[in-house]
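The next block holds one structure in the form of structure tokens; read it before the comments.
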């Protein structure tokens, strides 16, 4: 950064000599503006723009990532005017573009009489993989109240489309406009629906390479599934973005006054509105008036989620839902991206030591990025750092995956 500082100093001296009058009638104003600009740039380059921390015990996996997914070893330059975690989290849905995606919807039946809505992006125009039976498939899992319409899901599909892959989005029960046929929705701990979806997708094209990517709660669900199944899964690998590793720590962080105001209350109302459409079905089992009075995610989970899935207490549910406990059993290559300033997943709760004990796991930890933020560039409409990690890792797995454990 030192050469850069010298350059900016010379530039500011030159500009000052060129513009002696103007701002505030003298060069003083310009000096102040330039001085502030240079100071901010130096601070940004020294303290904000950093290489992510790569945590992986397996040298082969590390070398594989360095060669085929180099983005995880490069400096991440967060958007210079909004690098703070909460700001990134709040602004991303408004700033990022929404690529056009045409889905084909499929409803599949579950063993308990319910139904799950899958949104397919078939990519039948794929020039790289014209044969649908061997076209690589990416299963996408959105966050807590997210669907296939989320901008981060649309961007992942857009990235996959350019590579010739097919995508399928797993919408949690009752979220994507379909009816609830039984009084049951979803939670981060129960992997039955995900198992059914993975089995279904794999059975349609058994010879197609197959991997999954989960965001936020979708990532937690995917990790809990992988921890349960070990190597016994048709998935080759998985990518996890902004997962909450320890639910106790996540809800505690979200209950701090500012975080409650910015995120927790809104998220709770989203959860309530997602089930209020199914009120008649759910009233058979729940005191819906009490559920609708919840003011935090914890209260909602206490009155609704933990009861629905038969947990004795909310602590039992949160224990079961926390992926940090399952990480040691993951049996396929997994790349997990988190930002250490994510209020949904506090830095101290990221299981760095556990990750080091499993050769299948790589953690990529950025210093900024918030929760599903990872904005970069001056005007970050198009592509985020997370999108680039997704694209490079998925391509690395599908095109060089045999090298992960043979390097």
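Just so you know, glycine gets a Cβ as well, placed from its N, Cα and C.
Just so it is clear, the model here is predicted, and its values are computed rather than measured.
Taken from TrEMBL, the feature transmembrane segment applies to 20-45.
Sequence annotations record features per position, and here TrEMBL assigns domain 'AB hydrolase-1' to 136-377.
Here TrEMBL flags 216 (among others) as active site, charge relay system. Around the Cβ of residue 216 (active site, charge relay system), the same chain contributes 142, 143, 144, 146, 241, 242, 243, 244, 344, 371, 372, each under 8 angstroms and 6 or more positions distant in sequence.
Remark: residue 342 (active site, charge relay system) has 85, 89, 242, 369, 370, 371 as non-local neighbours, by Cβ distance under 8 Å and separation of at least 6 in sequence. The active site, charge relay system feature in TrEMBL is assigned to 342 (among others).
Its own atom aside, the Cβ of residue 371 (active site, charge relay system) has 25 Cβ atoms within 10 angstroms in the protein chains shown. The active site, charge relay system annotation in TrEMBL covers 371 (among others).
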